[in-house]
There are 2 protein chains.
Amino acid sequence: MLENKDQSRTSLEELGEFGLINHLTEHFKITHKTTLKGIGDDAAVLSFPDTQIVVTTDLLIEGVHFDLSYVPLKHLGYKAVMVNLSDVYAMNAMASQITVSIAVSNRFPLEALEDLYVGIQTACTNYKVDLIGGDTTSSTTGLVISVTAIGNTTKEKIVGRDTAKAGDLVVVTGDIGAAYMGLQVLEREKAVFKVNPNSQPDLEQYAYIVERQLKPEARKDVVLLLESLEVLPTSMIDISDGLSSEILHLCKNSKVGCNLYEEKIPLDPQVINTCEEFELDSTTIALSGGEDYELLFTIRQEDYPKIKANPNFTVVGHMTEEREGAHLITRANTKIPLIARGWNALQSE
Amino acid sequence: MLENKDQSRTSLEELGEFGLINHLTEHFKITHKTTLKGIGDDAAVLSFPDTQIVVTTDLLIEGVHFDLSYVPLKHLGYKAVMVNLSDVYAMNAMASQITVSIAVSNRFPLEALEDLYVGIQTACTNYKVDLIGGDTTSSTTGLVISVTAIGNTTKEKIVGRDTAKAGDLVVVTGDIGAAYMGLQVLEREKAVFKVNPNSQPDLEQYAYIVERQLKPEARKDVVLLLESLEVLPTSMIDISDGLSSEILHLCKNSKVGCNLYEEKIPLDPQVINTCEEFELDSTTIALSGGEDYELLFTIRQEDYPKIKANPNFTVVGHMTEEREGAHLITRANTKIPLIARGWNALQSE
């Protein structure tokens, strides 16, 4: 009997994160005319007279999203805010307020939480957002951080995931893959430390990629830059789960295909060197690495002259008709289907 | 050396929840003119042209805020929404949207989360709010639920905690103490079940108080009723931590004192009977019990005729000058100082 019972139950792994959200929320109806966008984009959008409010939230769990054995609490506080602001900027909106809730066990002294809040405050100051609320409670085990970010903009400026067109250029900001390789270096140091607690790690040659992992920056500057260049992207998303997963979100939501060119993917030399050292393929890392918090967006071809000279932007491909599918064009000029593999999938390999 | 280190650290218990929030956030500055109210009320208020947005958030942790051995997941989902809507109504605003984030370990099958979301959906339908976003992630141990509720109203209608005046009447909606006594009954049944797993609990005589614990209702109806009666409270708060704690919040924020009359505190007969059975003082339970999610508000004396005939409202006292302090006037007509003891404090006794 117990066995039968188990067989009739569905495990969460079978569905995956996106499948789970869709499954659990598919029967919910939107009833307010102020709810312009609900679940399914980087952030929800509420429409009020003269103002669009953007809302996004993330839940960070110790042991799942961060490992306090190598993540300083200041950086964790900073990153927890960045992860959310990044979603607001991915809507082409300006972040203005956050709420922060934490659950914490008694093993944390006050001084640890002060460090966490120094990081949160630094993020608030650097990005000019106000902390407006939250909840502080106890936890039975580790640290839990829940951040909700609120932004606003005007109706014409909101950029979603579902408005890319075939022929649009695909643009990536900065470079990608670094945050994932930074994590690999930190994980290796942790393993070394376990064996020899007196080891002194020399992370200087990995400074950039470790900083990208521990203290990412959300691309507020890109939203402001696009505005000053008078470029309104046709679709946008932030790169939290790896380039392939994000580009496939744009394709699926916009009902288009894409050609992504391997040789165009922007990589920092430190990522290339560290990939060689770890015997990892740098393209795979860029496609599936995640946590870069760069922006991925599409623009009309006629806007290309406005962005082409800017070192912040790299055109990595173009959108195609939906029936053509989503492909990576390799350096050897072979065309292979893009598949979504978030960094969680990558880690379990 | 280790000992010295420990002595210089501060434990979280020393500060308490409110002290902790204040301590951690005191150096944060408000920089946006849209941020009308930040930390320190039931909800934050954002001010946009023609619209005030109200935002509140709560984090619920298994083993701290709920015990799945007697809380059905449907009810938990419902209650998680109610706790947040209650904060929106306490600002005299209407709730319109929520986000729900959950972290869940693999011990939960999909069907368990479906139950949780049935409860969330029922709450959304009954209270007419839209689920607009969230985050679903894995947890290393138990279930974590983070809900953010958003509401809106006009500027004139927002009611905070800091605007009560000496002479104002203090009003409680419904009755209080029931949720806490419901919890006592459930805890007793759990203890009985541990000793004898075949025991069949008969909770019929406790139906009301158990329902108040498991499936509380936020008082949206009261906000609508006050509007139809043309009564704008001078201050308002929801009763989540017990009457004495909440009334002291109003007093402190509004810089007034109060006289609260023991004989006026509205108690359901089932609360009185169950208090007798458990040999607990019903006034203590009402003052410190918590989780009732009723509203506590103050009105000008001239508004008294508008509410006096309504069975939803009980006048329990009046505000006084701050120098007079906050007191309970007992049935024996003695005057004793009110002290804030949340239900957490009560439980550890």
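Note: Cβ is positioned from N, Cα and C throughout, glycine not excepted.
Residues or ranges marked as domain 'PurM-like N-terminal' by TrEMBL: A:40-151. Per-residue confidence over the domain 'PurM-like N-terminal' (A:40-151) averages 93 (mean pLDDT, predicted model).
Sequence-distant neighbours of A:ASP42 (Mg(2+) 3 binding site) (same chain, six or more apart, CB under 8 Å from its CB) are A:THR56, A:SER86, A:ASP87, A:VAL88, A:ALA90, A:MET91, A:ARG161, A:MET236, A:ILE237, A:ASP238, listed in sequence order. Taken residue by residue with DSSP, A:ASP42 (Mg(2+) 3 binding site) is part of neither helix nor strand, so it is coil. If you look up TrEMBL, you'll see A:ASP42, A:ASP87, A:ASP238 marked as Mg(2+) 3 binding site.
If you look up TrEMBL, you'll see A:ASP42, A:THR56, A:ASP87 marked as Mg(2+) 4 binding site.
In sequence order, A:ASN84, A:SER146, A:VAL147, A:THR148, A:ALA149 constitute the residues six or more apart from A:THR57 (Mg(2+) 1 binding site) in its chain with CB-CB distances below 8 Å. Annotation comment: TrEMBL describes A:THR57, A:ASP58, A:ASP135 as Mg(2+) 1 binding site.
The Mg(2+) 2 binding site annotation in TrEMBL covers A:ASP58, A:ASP87. Annotation note: A:ASP87 (Mg(2+) 3 binding site) sits in a helical segment as assigned by DSSP. Cβ contacts within 10 Å of A:ASP87 (Mg(2+) 3 binding site), excluding its own Cβ and spanning all protein chains shown: 28.
In three-state terms derived from DSSP, A:GLU291 (substrate binding site) belongs to neither a helical nor a strand segment and is classed as coil. Annotation comment: TrEMBL describes A:HIS65, A:GLU291, A:TRP343 as substrate binding site.
TrEMBL lists A:TYR117, A:GLY134, A:ASP135, A:ARG161, A:SER240 with the feature ATP binding site. In the three-state DSSP assignment, the secondary structure recorded for A:ASP135 (Mg(2+) 1 binding site) is strand.
Under the heading domain 'PurM-like C-terminal', TrEMBL lists A:165-322.
Residues or ranges marked as Mg(2+) 5 binding site in TrEMBL: A:ASP241.
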- request: Quick one: pull the CA-CA distance for A:ASP241 (Mg(2+) 5 binding site) versus A:GLY134 (ATP binding site), whole Å only.
  value: 27
- request: Could you check what DSSP calls A:SER240 (ATP binding site) once collapsed to helix, strand or coil?
  value: coil
Message: Distance check, please: Cα of A:ASP58 (Mg(2+) 1 binding site) against Cα of A:GLU291 (substrate binding site), rounded to an integer number of angstrom.
response: 13
Message: If you compare CA-to-CA distances from A:TYR117 (ATP binding site) to each of the binding-site residues A:HIS65, A:ASP135, A:GLU291, which comes out shortest?
response: A:ASP135
- prompt: In Å, rounded, how far does the Cα of A:GLU291 (substrate binding site) sit from the Cα of A:SER240 (ATP binding site)?
  reply: 4
- prompt: Ranking the binding-site residues A:THR56, A:SER240 by other Cβ atoms within 10 Å, which is at the bottom?
  reply: A:SER240
Message: Return only the integer: C-alpha distance in Å from A:ASP135 (Mg(2+) 1 binding site) to A:HIS65 (substrate binding site).
response: 20
Field: Subset of A:THR56, A:THR57, A:TYR117, A:ASP238 (binding-site residues) with C-beta under 8 Å from chain B
entry: A:THR56, A:THR57, A:TYR117
- request: Enumerate the residues of the same chain, A:ASP42, A:THR56, A:ASP87 excluded, that satisfy the criterion Cβ within 8 A of the mean position of the Cβ atoms of the recorded Mg(2+) 4 site; list them in sequence order.
  value: A:ASP41, A:ALA43, A:VAL54, A:ASN84, A:SER86, A:VAL88, A:ALA90, A:MET91, A:ALA149, A:ASP238
